[in-house]
Amino acid sequence: MAVLMAVGGEEVMSFEQFAQWEAALRQGRTAGETAGFLDELRLEVARRRKLANFRQLQVVQGNDVLGAESAWGTGPFLVYVRPYVQPEKLETLSRAAADSLWDLVRCLEIPLDPDAADSYGGTVLQFAADDGQEDVVRCLLQAGADAEMSNVFLQTPMHAAAKNGHEGIVRCLLEASANMEAEDEEWYTPLDLAALHGHEGVARCLLQAGADKDHADGRPLHLAARHGHQQVARCLLEAGAQAQKTAAGCTPLRLAAEHGQQEVVRLLLGVEIDEADCHCLTPLHAAACNGHAEVVCGLLAARADTERADEVERTPLHLAADNGKVEAVRSLLEAGADKDKVDSDLRTPLHLASSTSLEAVCCLLQARADTEKMDKYWRTPLHAAAECGHLEILHCLLEAGADKDKPDCEWRTPLHCAAAYGHDQGVWCLLAAGADPDKADKHWRTPLDVAAENGFPEVARCFREFSET
């Protein structure tokens, strides 16, 4: 097949000339170094034809349109110069390509606006930047495409390249003086997106070009910390980014701890380790609440305060116990956390664990947590377990010596609580442990009365059967 460099249907190179040129281009280069093929071919065609204004090269083999990368090594192919085409003409071009090359060339002879956009405002430059087509981006910029044109989401080509980690394209756009501080509809700059997606090379490139490292109260560092991108966080810190609070009072360390990003936590340990957010939650609270045991250990090793309380007076141990994060509970207890400290409702970690986690209850009991501590309603951990119907937790607390008949402020015993919520197995467990079925609350109701009043016949039957044994 003859090789046609088609400009209006006129041959520019013979096959032999093209083969010689390609061999010279490839000589001494690796496969990765031939990425500039389209750009160099464009310049070669311009030199031979003394043309400077055509805009893009397209490779065709038979009736198939090929991309630049897939064109290498495909055997004989046709190469022609292609001006930009509006999206609505693509169907026409596809039909023309299926009919004949000459029809396709004729469709492409009319130069069109390189900034023509689709219905979402996306331009060819944005698509090329998003897809990592550096050669195409260079050709587009040389043809005068607008490097800062945004789509309906306010995303520019720089946003697209930064989001996808295309460092070479970011450099191209910077050389074209593209705005590196443009914000999309979510107020993200290209540096924000590089930090969000962990593209260290792009982040360094933008920082070297002077991008705002502390945009929006330090958002780039917060994003890198939140998503565990240690290298991006490191380069931001090296560039002087401040590990400061956001408007919500949340530091990068707090975010990294919350999401279990251990390497980033280790990187940020030099900042104020007990800095709290607007809810008085420290990094240790965040790590303990979410069960990130390794992060908890790292923070404890750095002497994080185990007794700092949040806005409702809960310590990290309260949060770990409440969420059933057993390894965090164990680490905090080993570090000397107060096992009986009370929150604003006078609840201890054991109160909270008794509603949720057998394993956490066992850890706390092994640490000799007080089973008789009362909250502001005079309820003990056994009341909490009975109310929630946790049979194994009931057994565990009873074996630890919890008072089975202790009344709360309404004179309700744990047996009242189990009966009121229809937990027949819990009722049986308490009765078997010797709980008094005749204890009355302040309204003179026995546990049996409460079960009947709340419509639990199976619990009433449990009382009758137990009395018959």
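Cβ coordinates come from backbone N, Cα and C, glycine included.
Among the features that TrEMBL reports, repeat 'ANK' is placed at 120-152 (among others). For the repeat 'ANK' (120-152), the DSSP counts in helix, strand and coil order read 17 helix, 1 strand, 15 coil.
As annotated by TrEMBL, repeat 'ANK' applies to 153-185 (among others). Here the repeat 'ANK' (153-185) has long-range neighbours at 120-121, 123, 125-126, 128-132, 134, 137-138, 141, 147, 191, 193-194, 196-197, 199, 201-202, 205-206, 209-212, 215, meaning same-chain residues at least 6 beyond its ends whose C-beta is under 8 angstroms from one of its own.
If you look up TrEMBL, you'll see 186-218 (among others) marked as repeat 'ANK'. For the repeat 'ANK' (186-218), same-chain residues at least 6 beyond its ends with a Cβ under 8 Å from one of its own Cβ atoms are 156, 158-159, 161-167, 170-171, 174, 180, 224, 227-229, 231-233, 235-236, 239-247, 252.
The repeat 'ANK' (216-248) scores a mean pLDDT of 92 in the predicted structure. Annotation source TrEMBL lists repeat 'ANK' at 216-248 (among others).
Residues or ranges marked as repeat 'ANK' in TrEMBL: 248-269 (among others). Using a Cβ-Cβ cut-off under 8 Å and counting only residues 6 or more beyond its ends in the same chain, the repeat 'ANK' (248-269) has close neighbours at 218, 221-222, 224-230, 233-234, 237, 275-279, 281-284, 286-287, 289-290, 292, 294-295, 298-299, 302.
Summarising the annotation, TrEMBL assigns repeat 'ANK' to 279-311 (among others).
If one looks beyond the repeat 'ANK' (312-344) by at least 6 residues along the same chain, the residues whose Cβ comes under 8 Å of a Cβ in the stretch are 282, 284-285, 287-293, 296-297, 300, 306, 350, 352-353, 355-357, 359-360, 363-364, 367-370, 373, 375. Look at TrEMBL and you will find 312-344 (among others) tagged as repeat 'ANK'.
TrEMBL lists 377-409 (among others) with the feature repeat 'ANK'. Residue counts for the repeat 'ANK' (377-409) under DSSP (helix as H, G, I; strand as E, B; rest coil) come to 17 helix, 0 strand, 16 coil.
Feature annotation from TrEMBL assigns repeat 'ANK' to 410-442 (among others). Beyond the ends of the repeat 'ANK' (410-442), by six or more residues, the same chain brings 377, 380, 382-383, 385-391, 394-395, 398, 404, 448, 450-451, 454, 456, 458-459, 461-463, 466-467 to within a C-beta distance below 8 angstroms of the stretch.
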**Prompt:** Counting only residues 6+ away from its ends, which parts of the chain sit with a Cβ under 8 Å from the repeat 'ANK' (279-311)?
**Reply:** 249, 251, 253-262, 265-266, 269, 273, 317, 319-320, 322-325, 327-328, 331-332, 335-338, 341, 343
